[in-house]
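Step one of this worksheet: look at the structure below.
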Amino acid sequence: MTDRAMVDGVSPPRFSVPLELRAVAITLALGVLGYTLFPDDLAFLTRLISITLLVLSLDLVTGYCGVATLGHAAIYGVSAYVVGNACLAGHSDPLLLLLVGAVAGAVMGLVSGVLVTRFKGLPQLVLSIAVGQLVAALANKLSSLTGGSDGLSGISPGRVFGVYAFDMYGRTGYVFSVAVLMVVFVVLLRIVHSPFGLLCQAIKDDSLRARMIGARVYPRLVLMYGVSGVVGGIGGALNAINTGVVGLDSIGFERSAEALVMLVLGGAGSLWGALIGSIVFQVFEHYVSAANPFHWMTMVGALLIAVVLFAPKGLVSLGGLLAGRTASVMRRRP
Amino acid sequence: MSRPLLELRNVSMSFGGMRVNDDISFSIGKGERVALIGPNGAGKTTLVNVISGDLTPSQGAVHLAGVDVTALPISDRVDAGLIRTFQITRLFKSLTVAQNVALAVMQRKGLTRSMFSCPMDRPDVRREWERALGTLGIAHLADRQVSQLAYGQQRLLDLAIGLALEPKVLLLDEPAAGVPSEESSKIIEAIDRLPSDIAVLMIEHDMDLVFKFARRVLVLANGKLIFQGDPAEVTHHQEVRRAYLGSYADARHAS
């Protein structure tokens, strides 16, 4: 078999138990690695995880369903605000808050999905921006609920399982976030390899053909938007729980656009791509913005151009290529 | 006579001022093998699009097993057993060959709502997609990405998806066009072996295939149905010869 066939053969793993275990092992390893590399900057890592969930959420609709959206932060932000308010109202159990975030995200996802997936192409993109801007404008206006431009502050979640308090070093928050990411990632792997997940990819590839095998396209897309909402909502909830504040930045256009950039960087249509993209982008941004506070955006731009030129399918495709090469080298050895 | 499986009643389809299908009526019964022929631009593919539900006719009605399906969406027609293939293959390129067919099987069995399990390897599902691939001789390609297939193999896969949906009425839009002879013989074999009770309407340019396959021929020219009847008669029909067959008919007469 040729190298190319190898690479392509690796990319669509059919669902199996080892895949799940691999995902658990990799997220755990990344968690430990993060803790080792940035022991004094766990706040950065928890933020990274929260955004990673947003990017995963975006991947479900953009990468797997082919829906163009630049308003996805609406889901993330609304959920963060809802969780913040729930906590301020006295419901401080972190797991309950996650659930609240997931439900808020699901509702927001379903509403966005009903509107956005009715259309295709540019109208769809513009509508997604409109939904995002509308929600952001509401967040700014409804200051009794959101704190307006000052943001919502003083969110102090209770102990995890009633035992582990969120400490000032962010250790509890970090472990909590890694655990949430791990669970979400494993569940999403199952979903994207389920018949429902396959059907969504089929709709992305050719929606007329999908109809011609009997698929109801619109309800499927709305449902996937709902699932995506749950994931984005959990991301927003983590943001509120870990930072204790929710600001307008978590709901705005820039957050949506940045998430899309991370997804494209890593590789849309692959959960691993979303994971890699958001980690690489944010770590790169973290280092470069510290090293050169004035020109870091330029360097991020240069990185993106390089990736789009040399790996248009995202960083994850390089991983596949590497795996293919290694495998063929290994086989050639006596 | 039993009710026809597929019936078109005075179907017309216009785009703007252009009438692409003009007052077309015919019916196809259980087990019939019908070919739809006509020169390029006669409106054959448009007619298939109208029957399959991709287009809504400007006038007239499409009946499926006695039920008016003119207003029904594509997916409902598929559920009722009206299946089509495409002249230019349309496949799910990010899935493997097996997933393409398995998805059709799972959709038919109502399993695509499942979010957490993967019934693709369930024995009853697996047996079906393996059989559909086997029928067309592409079982060995099951784990390939669609993008790795040659064009002829993609045509075979397109038909395999159609078979996996267990059609009652099958619309084949030039199934053998552009396919190398080795694969086209597999396609013809598969069409030959279709369950005898399903109704098949095939658009085809290859007249040898038409004469081999069809018990009845419909001829479309300029959007109108100008002939329907026995394949043996079609070459004698003056209007058809003028409109379409030309030299081919003369050649057959000479021989």
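Yeah, the Cβs are placed from backbone N, Cα and C, and that goes for glycine too.
Noted in TrEMBL for the protein shown:
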- A:21-38: transmembrane segment (TRANSMEM)
- A:50-83: transmembrane segment (TRANSMEM)
- A:95-116: transmembrane segment (TRANSMEM)
- A:174-192: transmembrane segment (TRANSMEM)
- A:222-248: transmembrane segment (TRANSMEM)
- A:260-284: transmembrane segment (TRANSMEM)
- A:296-323: transmembrane segment (TRANSMEM)
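Across A:21-38, A:95-116, A:174-192, A:222-248, A:260-284, stretch A:260-284 shows the highest tally of CB pairs under 8 A with the transmembrane segment (A:296-323).
Below 8 angstroms of C-beta separation, residues 15, 19-20, 23-24, 27-28, 30-31, 34-35, 42, 45-46, 49-50, 52-53, 56, 60, 64, 94, 98, 160, 164, 166, 200-201, 227, 231, 234, 238, 241-242, 271, 275 of the same chain, each at least six residues beyond the ends of the transmembrane segment (A:174-192), sit close to that stretch. Comparing A:50-83, A:222-248, A:260-284 for CB pairs under 8 angstroms to the transmembrane segment (A:95-116), the maximum falls on A:222-248.
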